[in-house]
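Undergrad: Here's a structure for you.
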Amino acid sequence: MLEKAKKLLRIRNNTIRQMLAEALGTFILMVFGLSSVAQVVLGKGSSGHYLSINMAFGIGVTLGVYAAGGISGGHLNAAITITQCVLGNISWTALVAYITGQFLGSFMAAATVFALYYDAIYHYTNGSLTVSGPTATAMIFSTYPAPNVSLQGAFFTEFTATVMMTLGILVIHDEKNNAAIKAAQPVLSGMLVLGIGLGMGLNTGYAINPSRDLPPRIFTAIAGWGTAVFTSENSWWWVPVAAPILGCLFGVFIYKLCIDFHNYPGHHETEHEKEQADMETS
């Protein structure tokens with residue numbers, strides 16, 4: 001009975017550690033990312049451009065994964081966490097802990113950036129916090145589709161961008177294939193997000209992560225932007241939640257179909273030995 005109690009205590013403590021690690025990692029990611037958007041929007045292009053936003057999110061991902069990676073693996077993304085749970089790599093208890101940590105970190109990051117740029121936001125908007133219009137500021141915290149993009153097109157963009165993110169993450173981390181060295185994996189993950197932003201950010205702002213988009217949206221609804229953050233753009237808010245989850249699952253399926261199902265322990269050694277045998281025969 002005592003051993004069982006100790007085991008439960010260890011599980012609880014480990015779950016709390018994982019939740020806090022995900023919270024800190026996501027907080028770091030989001031503070032870098034959101035503050036860069038705020039600087040570009042509020043500075044009216046004089047204090048940064050689209051590239052600086054992409055770079056800041058890439059840096060945020062790198063540092064966030066470095067911070068949380070040793071404890072939780074550094075998911076920082078509810079779509080990745082849900083996929084890992086579906087694959088059986090983490091428990092349902094861990095799923096709740098990871099997503100709770102991610103949402104908490106993201107929400108606190110939005111609050112931090114709002115406090116950091118409070119004076120600039122009110123000067124820019126003349127005290128009127130809006131989702132659309134010439135002085136809109138809601139896009140500092142969450143993503144919104146471009147005016148010329150349909151809801152279906154926006155969904156496909158988020159889905160495809162997340163598929164590419166998932167494929168990239170698997171390429172970087174797959175030990176059975178050609179994984180990067182462990183110390184370099186967070187840097188490459190940050191470069192992956194930078195690349196997605198550079199190539200697939202025009203239509204939707206590349207949320208590719210429910211934990212990046214939904215908690216700040218909830219914060220803006222509370223902080224003064226109101227329910228318009230959920231109802232604007234044909235109730236767009238659910239797309240950056242659903243599309244990344246489906247895209248992540250599909251990305252894993254594609255990777256397994258093309259790479260993982262054909263790999264097995266000793267596969268590379270066998271191929272290498274065959275190549276050497278062929279060379280000797282020649």
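Just so it is clear, glycine is given a Cβ too, placed from its N, Cα and C backbone atoms.
Unlike curated entries, TrEMBL annotations are predicted automatically.
According to TrEMBL, the protein carries these features:
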- 20-42: transmembrane segment (TRANSMEM)
- 48-69: transmembrane segment (TRANSMEM)
- 90-118: transmembrane segment (TRANSMEM)
- 149-172: transmembrane segment (TRANSMEM)
- 184-208: transmembrane segment (TRANSMEM)
- 235-255: transmembrane segment (TRANSMEM)
Undergrad: At a C-beta cut-off of under 8 Å, are there same-chain residues at least 6 beyond the transmembrane segment (90-118) that contact it? List them, or none.
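TA: Result: 11, 15-16, 18-31, 34-35, 38-39, 42, 72, 75-78, 81-82, 84, 140-141, 211-212, 214-216, 218-220, 223.
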Undergrad: List, by number or range, the same-chain residues at least 6 past the transmembrane segment (20-42) whose CB is under 8 A from its CB atoms?
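TA: Result: 48-50, 52-53, 55-57, 59-61, 63-65, 67-72, 74-76, 97-98, 101-102, 104-106, 108-110, 112-113, 116-117, 120-121, 124, 137, 139-141, 211-212, 216.
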